[in-house]
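Structure provided below as structure tokens; questions to follow.
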Amino acid sequence: MSSVLRLLGRRICNPAAEKVRLSSSLSGGGDFPILNGHKAAQDLSKDTLKSQDITKEKEGQHKEVKKEFKIYRWNPDKPNSKPFLQSFFVDLSSCGPMVLDVLQKIKAEDDASLSYRRSCREGICGSCSMNIDGTNTVACLKPINPNTSKPTIITPLPHMYVIKDLVVDLTNFYQQYKSMEPWLKTRKPPKDGREHRQSPKDRKKLDGLYECILCACCTTSCPSYWWNPEEFPGPAALLQAYRWISDSRDEYREERLQAITESETKVYRCRAIKNCTATCPKGLNPASAILKMKSKHLLSDPLVRTESV
């Protein structure tokens, strides 16, 4: 088993079987039922299949398919050195289909000092968020662009303090998320020690809200957050605010709405640019959630309380 495969923690799989698994994701079936209804994720699956087909075709014509990747580098141990883009040439015929596969191959074979975050490799943890060819996304879900005539440029999430290379400081992002109090708040426990029950209809209202993986792609693509990171919570935090405002089990929904609308630096700092929705790797729509909270506040729409099931 090669050093790359050891780093990836997996064995060589059957290419034909892998293609069948990816094909099943286009309809949300097979091994990927969670992709059903997520257009952005299904588009990524289509791009991956296309990338694999093109790479396989080129592999049959040439022994190697070299592509250039320009990666942002900066070492805090050398504070007098300016950041720069370092070029790496990777053979796509011996690499996985995603950008994260490229980074792991580079770290294993070319430069062990390359720093980046990664964990699940399944688009669940949000660790490997970065900017790839000008778009914030997670590297494990971003297919490699098979066009070898131009390089792929990989940089850290924009307008964030860089710790090293592709690793950024997310402290403020998590603090803004925490300020939304993302947990169930009730005035009294349910009778007889039961769990807080919820009807299927009320549970359906949370779809498209709870799936956030806190990758910070949306927040770091928002100009309002760029210029006011200490005051404006950002799209990810506001999406979570709406998630709990929409939860029928929560008994502080009015207070939550008041907390984010009493100051112009909160929900009203959003200018509806919608970069957040365009860049979300999970296909969520923070801009819509923010608009709905504005509407609830401006129209004085009372939040309907529901009875326990």
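Every residue gets a Cβ built from N, Cα and C, even glycine.
Swiss-Prot lists CYS120, CYS125, CYS140 with the feature [2Fe-2S] cluster binding site, giving similarity to another entry as the kind of evidence. Look at Swiss-Prot and you will find CYS212, CYS215, CYS218, CYS280 tagged as [4Fe-4S] cluster binding site. Look at Swiss-Prot and you will find CYS222, CYS270, CYS276 tagged as [3Fe-4S] cluster binding site, backed by similarity to another entry. Residues or ranges marked as ubiquinone binding site in Swiss-Prot (evidence: similarity to another entry): TRP227. Annotation source Swiss-Prot lists domain '2Fe-2S ferredoxin-type' at 69-160. Taken from Swiss-Prot, the feature domain '4Fe-4S ferredoxin-type' covers 202-232. Summarising the annotation, Swiss-Prot assigns transit peptide to 1-22.
Could you place the listed features in the three-dimensional structure?
Neighbour count (other Cβ atoms within 10 Å of the Cβ, all protein chains): 25 for CYS140 ([2Fe-2S] cluster binding site). Reduced to three states, the DSSP call for CYS140 ([2Fe-2S] cluster binding site) is helix.
Classification of CYS276 ([3Fe-4S] cluster binding site) by DSSP places it within a helix.
Residues within less than 8 Å, Cβ to Cβ, of TRP227 (ubiquinone binding site) and separated from it by at least 6 positions along the same chain comprise none.
For the domain '2Fe-2S ferredoxin-type' (69-160), the model's pLDDT averages out at 96.
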Using DSSP, tally how many residues of the domain '4Fe-4S ferredoxin-type' (202-232) sit in helix, strand and coil.
11 helix, 0 strand, 20 coil
Highest CB neighbour count within 10 A among the binding-site residues CYS212, CYS276?
CYS276
Using DSSP and three states only, what is CYS120 ([2Fe-2S] cluster binding site)?
coil
With Cβ-Cβ distance below 8 Å and at least 6 positions apart along the chain, what are the contacts of CYS215 ([4Fe-4S] cluster binding site)? List them in sequence order.
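Expected: GLY126, SER127, SER129, VAL138, PRO281.
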Fewest other Cβ atoms within 10 Å: which of the binding-site residues CYS120, CYS125, CYS218, CYS222, CYS270 wins that one? Let me know.
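Fewest other Cβ atoms within 10 Å, among the binding-site residues CYS120, CYS125, CYS218, CYS222, CYS270, is found for CYS120.
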